[in-house]
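Annotation source TrEMBL lists domain 'CP-type G' at 106-266. Among the features that TrEMBL reports, domain 'EngC GTPase' is placed at 116-264. According to TrEMBL, the GTP binding site annotation covers Thr155, Lys156, Ser157, Asp158, Gly208, Ala209, Ser210, Gly211, Thr212, Gly213, Lys214, Ser215, Thr216. Per TrEMBL, the feature Zn(2+) binding site maps to Cys289, Cys294, His296, Cys302.
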Amino acid sequence: MLEYDFAVLHSLGLQPASLAALADIPEADHPDARLARVTEVQREGLFLHDGRLDTAARPLPRLVQTLLAEADALVVGDWVIAERNALGETWVSALLPRINQLARRANDGRRQPLASNIDTALLVMGLDHDFNPRRLERYLAFTRIAAVAPVIVLTKSDLADDGAARLDELAARLPGGTPMLAVDARADSAREALAPWLGAGQTVVLLGASGTGKSTLTNTLLATPAQATGAVRAGDSRGRHTTVARHLFRLPGGACLIDTPGLRTWRPDADEAELTSGFDDIQALAAHCRYRDCQHLEEPGCAVRDAVPADRLRNYHKVMRDARQGSLTMRERKAQTAKWKVISKAAKAYGRAKRGG
Ligand SMILES: Nc1nc2c(ncn2[C@@H]2O[C@H](COP(=O)(O)OP(=O)(O)OP(=O)(O)O)[C@@H](O)[C@H]2O)c(=O)[nH]1
Ligand SMILES: [Zn+2]
């Protein structure tokens, strides 16, 4: 059985639940096997961290195939079993079951896994002109489906005159219980406000539209209080982010921050039924609609339409439309692939016939 130092791996975000399946993974029995976390994924290879060392590695082809069969792939945040061979190469042989995962549906309908094993998603939105409760509502539904705990982070509190009113508006509109805070993303106080979710071994992601302050917040979180004083920091704040260009990196307080292209603004990989479960008030009311397949549009006897605020219902319909569009292109793509298979078979047969004749 594979040996590991839990304290060291925990500092990289390992949770006991990830280890539950270890006994069932044959690769873990290999004498050279060790546990590591995927910190970056590139086209050809990836980077792993084992709590002490950063190593370039590649997944074994059979692992790639197994995952591919389920439209899956290794992502940043995964816990894996890796082995170093006599040539000094590191190969990933197995993937530990994920606690959760954020995946998105690309425009062509393909599923694109993005990041895994996340404790908290910081949903970032500006209190300035970017303020958009509907978008936040969708993000909340998405994180709920992915089983990732959300925290709403409203940036640019220093720029908003009516910040308090907007906070009240959100509190009235959104399901209760979601932590919500307003910050100036540039200030040390933002780091202090987020401290409860940034303890050692916690893994967080930042989700939000462009320009909402994710990079600014990242730089603030990366700065230790001593560094964060004076003009020095203001000058190199951008540079600091780029020099730590790992997609999973550790914050001074010991949390892991995943920042991966494509994760920042994201359309989830979920079907209509799953998305409905993200709007649990609508789901509960739908049981009382006259028609089982009620879309909550014009149908008579709809229990949802009267009870749910119009704006929230419109938002729900938008999410459903997007989901349907995604699955449509998915079907089209499958049809396309099937057609290509037939064509290439025909082409091969034609080639054989020609060579034969
Ligand atoms: N005054 C003020 N400005 C902020 C705050 N947060 C971000 N900004 C500014 O808003 C602009 C955009 O912030 P970024 O951090 O680059 O936004 P982003 O979310 O990383 O944007 P993308 O990289 O496009 O995804 C920058 O000029 C920041 O300085 C804030 O809390 N207060
Ligand atoms: Zn209905």
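Glycine residues also receive a Cβ, built from the backbone N, Cα and C atoms like all the rest.
Note: TrEMBL annotation is automatic and uncurated.
Closest in space to Thr155 (GTP binding site), of the binding-site residues given as Cys289, Cys294, His296, Cys302, is His296, taking the CA atom of each residue. The binding-site residues recorded for this entry are Cys289, His296, Cys302, and the Cα of His296 lies nearest to that of Ser210 (GTP binding site). Other residues of the same chain near the Zn(2+) site, with their Cβ within 8 Å of the Cβ centroid of Cys289, Cys294, His296, Cys302, are Ala286, Arg290, Tyr291, Gln295, Leu297, Glu299, Gly301, Ala303, Val304, Arg305. Annotated pair His296 (Zn(2+) binding site) and Gly208 (GTP binding site), C-alpha to C-alpha distance, rounded: 29 Å.
Local packing around the Cβ, expressed as the count of other Cβ atoms within 10 angstroms, is greatest for Cys302 among the binding-site residues Cys289, Cys294, Cys302.
Between Cys289 (Zn(2+) binding site) and Gly208 (GTP binding site), the C-alpha separation comes to 34 Å. Here the Cα atom of Lys214 (GTP binding site) is found 40 Å from that of Cys302 (Zn(2+) binding site).
In the three-state DSSP reading, Thr155 (GTP binding site) counts as strand. Across the structure, Thr212 (GTP binding site) and Cys294 (Zn(2+) binding site) are spaced 37 Å apart at their Cα atoms.
Between the binding-site residues Lys214, His296, the minimum number of other C-beta atoms within 10 Å of a residue's C-beta occurs at His296. Proximity of the binding-site residues (Thr155, Ser210, Cys294, His296) to ligand 2: a Cβ under 6 Å from the molecule is found for Cys294, His296. Looking at Ser157 (GTP binding site) and Cys302 (Zn(2+) binding site), their Cα atoms lie 40 Å from each other. Of the listed binding-site residues, namely Ser157, Thr212, the sparsest CB environment within 10 A is found at Ser157. Comparing Cys294 (Zn(2+) binding site) with Gly208 (GTP binding site), their Cα atoms are 32 Å apart once rounded. Here the CA atom of Gly208 (GTP binding site) lies 33 Å from the CA atom of Cys302 (Zn(2+) binding site).
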